[in-house]
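Over in TrEMBL, the protein carries these features:
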type	residues	note
REGION	29-61	region 'Disordered'
COMPBIAS	49-59	compositional bias 'Acidic residues'
DOMAIN	101-273	domain 'Yip1'
TRANSMEM	120-141	transmembrane segment
TRANSMEM	161-185	transmembrane segment
TRANSMEM	197-222	transmembrane segment
TRANSMEM	228-250	transmembrane segment
TRANSMEM	257-281	transmembrane segment
Amino acid sequence: MATADDLKFQEFDDAANLLAANPDATTISIDEPVEIPKNQHSRLQEPGREEDDELLGTDDSDKTELLAGQKKSAPFWTFEYYQTFFDVDTYQVLDRIKGSVFPVPGKNFVRLYIRSNPDLYGPFWICATLVFTIAVSGNLSNFFIHLGKPTYHYVPEFRKVSIAATTIYAYAWLVPLALWGFLMWRNSKVMNIVSYSFLEIVCVYGYSLFIYIPTAILWIIPQQVVRWVLVVFSLCLSGSVLVMTFWPAVRDDNRRIAVATVATILLLHALLAVGCLAYFFDAPELDIPAPDIPAPIIPAHNGTTVITKSH
């Protein structure tokens, strides 16, 4: 049976005494640096690749987030299934809008704002606001251009709303659908390509269109130079968000295919902006006087001729 002295805590002897008693003993000092395994040392030699993995969301942190936030998905024919796409608060929407207007170089928009909770609330209302902003601003621009002309009679063009809605929503849905299908196809060809989900791509495109809302309002200014400066500025901001989001996903693919993919994304984005500017905000019309038309000669029944005077 153990005595009371055996149950008391005793201080360890000095390391020198321990080594004197057992010279073959192995000691470890807490002040010594821990040896880094070779596999971890090789990863530290590639900071760029580690950063790309973090941007693309391929590290273990994403797995932890997904496992921690697993939810039972409802059937697609129920209201609860579509409710999850709009489960976002005001602060998240404002934070994502701020991230699309002020992109941070080297940071992935999906990784920072979208991946934790992709939504359709922000993209839907951004597109709806942009539709009415372009239609209303286009009508006001046409009104201010012809203001003061006695022969001009203002008539609101409501058809611009339907044309703008068709163009904006087709771009915000069909282009992400095509891009998602292309990334899925290239993912089956190249193993290193990381493909985003369709909801994430729609979310990126929807929030990237926010910058065109204040731009469309400023397009009312009847100066072509100012309008084109605004177009270039908006393209630089929104285009940089798209490039920094999709370039890391295709950079490991064939070089020509990767460059062509990013160039196509920017080209379609530029065509949307330039097309809206050219169609809804046309240049001022010049009032060209009609040429003098000679008066027609109408023969009368009694043999005399009548000359009508044209104005």
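Backbone N, Cα and C atoms are what each Cβ position is placed from, and that goes for glycine too.
Please treat TrEMBL annotations as automatic predictions, because they have not gone through curation.
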Spatial neighbours of the transmembrane segment (197-222) not adjacent in sequence (6+ beyond its ends, CB under 8 Å) are 85, 96-97, 99-101, 109-110, 113-115, 118-120, 122-124, 126-127, 129-130, 133-134, 137, 140-141, 144-145, 168, 171-173, 175-177, 179-180, 230-231, 233-234, 237-238, 241-242, 245, 269, 273, 276-277, 281, 284
- Cβ pairs under 8 Å between the transmembrane segment (228-250) and the transmembrane segment (120-141), at least three: no
Confidence over the domain 'Yip1' (101-273), expressed as mean pLDDT on the 0 to 100 scale, is 88
